[in-house]
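Here is the structure we will look at.
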């Protein structure tokens, strides 16, 4: 898939701008705080209906404006289609091919993106929350079912935590409601856990040879999903559901005492091993960065396998964070097959054939100077 054109109105520091996009590489050059990252963020937000930088949509609206609008014209193998997002202080509306979508699960997935920013280098050494968010955002793009299950799980989790807190504070004494919530909780917790395990297994299959290639076969990479729900090797989902139910029942007193749900996908983690050693604890900065790069490149391939189209790659000031060999591997991998948007303060130091055919835009105070 390709983004042919991007139009912004009242988005961050952009009053009104139209970007005619190159089908291969688009380089956004400018000093810091001029709007380069805002432009990449708008593409990400158009794809996933949420920003990677803030959970408050009001921050996306230009100062003193009533609304923000993002519109993109996409081209696929089978044709073209516009996506539109309106953001107001009351919420947001999304349209696919001019038709309003009343559920975000019907919207997300029409535009697939992979974002690689400096903070993504923290996927290995960052908190479990960072890794869970990574899984949810990537898996949600390729599976509307997962996105719906996750939404249901988060709703039930919130209800369960509220009720646990009331039981802890002795505001409630009847545990029947908690048992009902646990039945629903177990259903969606199991669905999400199984889908995540499958996703990580697929990602590992693609990431291992990429990592080996980047390191000239000096390193091996293994991914390990670490669920808080310790399940057996059983493959029958009905029996696995019973296991989850029993675990929740056995730990009901403990959860009431703590006033919070202690088990479930919201407590899970993802581990990385380089040469069979935990990369988070023992990996060098170089190994951690290579791992992050391998994962991102594997994402690109996985989306192509699942969707049948390569995603759009957003590189937010990350090339300067990679050494020459990693930079070369990244650019060589995406060349001629992945539409890419790159932000940078300078093209000096980016020495690759791909740059000869790139389209350059200068960004200055919310305006694009070609």
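Cβ coordinates come from backbone N, Cα and C, glycine included.
Database features (Swiss-Prot):
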- 30, 31, 32, 33, 34, 35, 36, 37: ATP binding site (BINDING)
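Listed binding-site residues: 33, 34, 37. The one with the lowest count of other Cβ atoms within 10 Å of its Cβ is 33. Residue 35 (ATP binding site) counts 24 other C-beta atoms within 10 Å of its own C-beta, drawing on all protein chains shown.
Within the same chain, the residues at least 6 positions away from residue 36 (ATP binding site) whose Cβ sits under 8 Å from its Cβ are 28, 29, 30, 316, 317, 343, 344, 363, listed in sequence order. Each of 38, 343, 345, 363 belongs to the same chain as 30, 31, 32, 33, 34, 35, 36, 37, is absent from that list, and has a C-beta within 8 angstroms of the C-beta centroid marking the ATP site.
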